[in-house]
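Taken from TrEMBL as is:
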BINDING   24, 26, 28, 68, 259, 299, 300, 305  Ca(2+) 1 binding site
BINDING   255, 257  Ca(2+) 2 binding site
């Protein structure tokens, strides 16, 4: 469930574009006006506002925002204003440029989007960077990470609910054997995780638990805690089966440490506000005994805080 609150009486794109232009005019930028508009428009509405602004003002709204805003607030506004596919392409490209074995953004984009959303991200990547996401992921990653990540970003899964229980039983047995032998990067394991539908994967892991008396993630916890690939494999499975738990872990790590990880916090809020941020927030409160909105307002300030709170649906608009 989304947290985004779209105004009940939405002005026309031309009216919104005119209001945004007025927010940039004069001696100072009217950040509150920008938030009141953009933080309460759907992806399709924001797309129309961008188009209309460009037609009326002769400049991409994103370039104007980039000139007028700064710091974490600017990042949040820019990511939010991008079309979802464009945003995922940007996040993926940034992740390849500073890829490390503990960077899970590529996996996150590949595994928590629908097949159509991931396809749109790949198309946007082509258009923006003049090459494929698979090409960049393969270039910037190595060994087992390359095998898994290239397969994940290339995926186009069946999205339906139909499952093959015979196949689930067979693949649960296969995965158990590979885990027992610590063959975590086996080609069959990667094939299953990168090609099967999420419904099929859930059926396989349910069968795994029934047959072996513990969840797949519990079995993988017995491996080397310092094994970065094993950590990525666990997160991949979590994103494919219970993505809200993965996002709660990312948020808790971003907020509950010395110095907030604004990059991770901004990424999660802007990418999930129109999808399942309400579910993520409920799970966050259940596991941390504090509402997500309160956790965020304790660690953020100013216009950045206002923007995040608005996307959480907790402002007065």
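Each Cβ is built from the backbone N, Cα and C atoms, and glycine gets one as well.
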The number of other Cβ atoms within 10 Å of the Cβ of residue 24 (Ca(2+) 1 binding site), counted over all protein chains shown, is 18
Between residue 299 (Ca(2+) 1 binding site) and residue 255 (Ca(2+) 2 binding site), how many Å separate their Cα atoms? 7
Rounded Cα distance, in Å, between residue 305 (Ca(2+) 1 binding site) and residue 255 (Ca(2+) 2 binding site) is 13
Cα distance (Å, whole number) from residue 255 (Ca(2+) 2 binding site) to residue 68 (Ca(2+) 1 binding site): 27
Measure from the Cβ of residue 28 (Ca(2+) 1 binding site) and count the other Cβ atoms within 10 Å, all protein chains considered. 9
Cβ neighbour count (within 10 Å, all chains shown) around residue 68 (Ca(2+) 1 binding site): 17
State the count of C-beta atoms found within 10 angstroms of the C-beta of residue 255 (Ca(2+) 2 binding site), not counting that atom itself. 20
Work out how many Å separate residue 300 (Ca(2+) 1 binding site) and residue 255 (Ca(2+) 2 binding site) at their Cα atoms, rounded off. 9
